[in-house]
Amino acid sequence: MARTDHDRWDLATSVGATATMVAAQRALSSDANLIDDPYAAPLVRAVGIDVYVRLVDGEIQPGTSEFDPHRMAKGMACRTRFYDDFFLDAARAGVGQAVILASGLDARAYRLPWPAGTVVYEVDMPDVIEFKTLTLADLGAQPTAQRRTVAIDLRDDWAAALREEGFDTQAPAAWSAEGLLVYLPEQAQDALFDNITALSAPGSRLAFDFVPDTAVFADPRWRAHHERMSELGFEVDFNDLVYHGERSHIVDHLSGRGWRVTSRTIAELHAANGFAYAADDVAAAFADVTYSSAVLGG
């Protein structure tokens, strides 16, 4: 079903189901000892989407060269390490506020070794925030930072809601937009980064991943892969969930607003983690995806 401007979801539907899928991939990475996320698998089981529960429980076996749990684990390990390192590097540099936009089932507020006094803000839909908070409490998990939740749609006035939760616009912050931008309309994407800039003190940091052209989700190479995955029970169709059409190139957008941006391709990110990027049609379709970090001013 195509997106609408005011659509809503939980962790089992629409965009929310992609957060559960990502958590399942983190669970595979953790099982392979590539990252350490002890909460990923329990959260996936709590959501209860059958295909992802079976995936984390090892009940789905490789059916094609493109669907390989080990490959999924490596890919998600690269992405997770990128954002983990980003936040920890910022914290070690004295940045005491972290903002995780579209936090989904992200458990960094519970699993990263944050310095004392760090405040971690999680921004996402109310149903998503409530589910994760209650589930982690039931698991006995305790935050390793001061965790503050902002239950709001990023298409609404999330900046005001963030300030109401105590965000300090006079102190630097570290921001992440992980796996987020394709799910925003062009105007909302630009507004997101304009709001981040307006809220950020000099020395603030930002990390994001960017798909230059969402038409990749309609690419025949990806569609063929999607059909094979559907046969295994994966129902998420990214082509229906992402917003298509031209949009600003975020690096240019941010550079014009005072951010110094450093980017690497998805293949370079794999290489930096000791993995070879795959050489098949699906990998080729996403070869232009980039991972970027930025610093404001200075």
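Residue positions begin at 1 at the first shown residue.
Cβ atoms are placed via backbone N, Cα and C, with glycine included.
Counted within 10 Å of its Cβ, the other Cβ atoms near LEU154 (S-adenosyl-L-methionine binding site) come to 22, all protein chains included. In the three-state DSSP scheme, LEU154 (S-adenosyl-L-methionine binding site) falls into the coil class. Swiss-Prot lists ASP124, ASP153, LEU154 with the feature S-adenosyl-L-methionine binding site.
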Tell me, if you would, which residue among ASP124, ASP153 (binding-site residues) has the fewest other CB atoms within 10 Å in the structure shown? ASP153
